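A quick write-up on the structure given underneath.
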Amino acid sequence: MPDVSQRIEALREQIEEANYQYYGLDQPTLSDAEYDALLQELIRLEKEHPEFLTPDSPSQRVGGYIAKEFPKVRHAEALLSLDNAFDAGDLLEFDRRVRALVAEVEYVVELKIDGLTVALTYEDGALVRGATRGDGEVGEEITANLKTIPAIPLRLRKQADRLDVRGEGYMPKGSFLRLNQEREEAGQPLFANPRNAAAGSLRQLDSRITAQRKLGYFAYQVLTPEEGELASQTAVLDYLKEQGFSVNPEYRVFSAIEEVIAYCGEMVEKRHNYPYDIDGLVIKVNDIAQQRELGFTAKSPRWAIAYKFPAEQVETVVEDIVIRVGRTGVLTPTAYLTPVFVAGSTVGRATLHNLDNIRAKDVRIGDHVLIQKAGDVIPEVVKILPEKRTGGERIFEMPELCPECQSPVIREEGEAAHRCTSITCPARQREAIIHFVSRNAMNIDGLGPAVIYQLLEAGLIKDAADLYALEYDALVPLERLGKKSAENLLKAIEDSKERGLAPLIFGLGIRHVGEKAGKILAQKYGTMEDLEKAQVEELQEIPDVGPAMAQSVAQFFQQESTHHFLNKLRQAGVVMSAQHSAKPQIFAGKSIVVTGSLQRWDRHYVETMIEEFGGKAASSVSKKTAFVVAGEKAGSKLAKAKELGIPVLSEEEFAELLP
């Protein structure tokens, strides 16, 4: 039926053109009623003639796919975070560092949308994968949900062999207010702010729910342009618009850092004038060649920085000061406040850090205080308002006994922290488990603090290693679980056994050992057994491992309780070696590019194999490329490889290299 297929294709073109005009150019050409009529006709025709339905049809934006879980996906290149600037001095220092390497520089300044980073992959012009940022290296695939966002094109307007795009998913203020109103009427808990609502919406297993949330997306970065080299960030933004993406129009170009600083000051006053939340500005070196010259640190690009708006300050009252015992035994005083709305959410508590901080600020129970969110995230007390004191305020004293276990509290010389002396303190054990299961550690989804409290109270666990001995029949009766949740939890626990050495080291909660240090130690020693034998002297020789960390690591592994805990993990089958150590590193130190349409495997699988065997799956061809794996319809990357004299392998030739 050529007439039906032609009508379907015409409808798709009309709808996608309308999406581009509305979201890409901000120039709507159809009324809502006209748009809805076209979409409903398309849905009806595709339902009557399913043989013409395609994955990139705009009808797929209404949702309908229900996922069982979100599979993990490794990003083509790591999604690094940005260094932060909080004032003019920080921006001047950033400019000094840049100009030390490049003399003439132009900056482009973009709005920092308060949402969540989303990575998109297009192959042969079609959207094939979308993922969350995750830990920067591995995220969750949420393609079906992202297809429901009209600002994300399902097919590029210009053909491209491969295109990796990064941008920010967000919820407009209007959508957020409507959603919370609906939830309030339904008796459901409200979202604290649009960012949380967007994050929750993108992680819905039912894509129809995501479609109803009316999310937005602004694209800002391209990793693999196929139309030659893009010379500047502004050229990248223009290219993205040409390809059908929604690009935030509020960007400016400046040639002097003083102009950037002045613009930042202007935007502090205008930050609330937009239909979406912004929490700062992103300043980038505009020239792409200069970006490459400046390069990256381990955590962030040297050519970009995020200017964070000054924190909004609000007055409230300290109703009480309560002690919380952490996983390392530190007693942290927390101010319980009269709830107030600040920087996008209601705040009822704020950390006071330690007794020295309380004394320095002279915070007392009953005080009127100004609070803010440090970095717009963590609530803190800025200062007291002494003129509002009545004389009834009470001075806080640090307890001499742990409020959780009544063990003595000590303060070691040279430290600001007070600590519980008992390693069996229930609060320390509870917080240690919460840390162990956290996303950047063992990443056991569905095991939040409330469930952990239940497991402890029911006597089902005493430490994190006991999680691996949990059984279905013991979980189902618990209040917050049930059959399906118990199944999902046990699967998440089982999956965590394969997390590898670096997350496990971080999850152990060793004092001074953060996520980065966990990766360094895993790379250095390769197995938990070798790390357990490490001495202070050899640990101190490792770059980025100082004396305090070395001493802490050595002492941790000397404890009998540590050996007992690790043995329980071993018996449960938890992997205690670096993930890469299981396979020969035949591609170690090699940068490899995959391009074109493959027949035997999909491209992402080949890139994963390259990394598992020690190589780097690069997104562009350069002189440093070891070789290119080329499938059918390989485009500009193949041409560039031939131009540079870089070896080109077929899919079969690549397969022969594998052990």
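Cβ coordinates come from backbone N, Cα and C, glycine included.
Swiss-Prot has this to say about the protein:
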- Lys112: active site, N6-AMP-lysine intermediate (ACT_SITE)
- Asp32, Ala33, Glu34, Tyr35, Asp36, Ser81, Leu82, Glu110, Arg133, Glu168, Lys284, Lys308: NAD(+) binding site (BINDING)
- Cys402, Cys405, Cys420, Cys425: Zn(2+) binding site (BINDING)
- 582-659: domain 'BRCT' (DOMAIN)
**Report entry** Cys402, Cys405, Cys420, Cys425 as binding-site residues, winner by CB count within 10 A
**Finding:** Cys420
Report summary line: For the domain 'BRCT' (582-659), the DSSP helix/strand/coil residue counts are 27 helix, 18 strand, 33 coil
Report summary line: In chain order, residues whose C-beta lies under 8 angstroms from the C-beta of Arg133 (NAD(+) binding site), counting only those at least six residues away in the same chain, are Leu79, Leu116, Thr117, Val118, Ala119, Gly139
Query raised in the report: Taking the Cα atoms as reference points, how far is Glu34 (NAD(+) binding site) from Lys112 (active site, N6-AMP-lysine intermediate) in Å?
Result: 34
Report summary line: For Lys112 (active site, N6-AMP-lysine intermediate), the number of neighbouring Cβ atoms whose distance to its own Cβ is within 10 Å equals 22
Query raised in the report: Which one is it: of the recorded positions Leu82, Lys112, Lys284, whose Cα lies the shortest distance from the Cα of Cys405 (Zn(2+) binding site)?
Result: Leu82
Query raised in the report: From the centroid of the CB atoms of Cys402, Cys405, Cys420, Cys425, the recorded Zn(2+) site, which same-chain residues not already listed sit within 8 A by their CB, in sequence order?
Result: Val325, Gly329, Pro403, Glu404, Gln406, Ser407, Val409, Thr421, Ser422, Pro426, Ala427, Arg428
Query raised in the report: Glu34, Leu82, Lys284: which of these binding-site residues has the sparsest Cβ neighbourhood within 10 Å?
Result: Glu34
Query raised in the report: At the Cα level, what's the spacing in Å between Cys420 (Zn(2+) binding site) and Leu82 (NAD(+) binding site), rounded?
Result: 36
**Report entry** For Cys425 (Zn(2+) binding site), the one of Leu82, Lys112, Lys284 that lies nearest, given that the recorded positions are compared by Cα
**Finding:** Leu82
Query raised in the report: Going by C-alpha distance, which of the recorded positions Leu82, Lys112, Lys284 is nearest to Cys402 (Zn(2+) binding site)?
Result: Leu82
Requested in this report: Could you find out if DSSP has Glu34 (NAD(+) binding site) as helix, strand or coil?
Outcome: helix
Report summary line: Taken over the domain 'BRCT' (582-659), the predicted model's pLDDT averages 81
Report summary line: CA pair Leu82 (NAD(+) binding site) / Lys112 (active site, N6-AMP-lysine intermediate), Å rounded to integer, equals 11
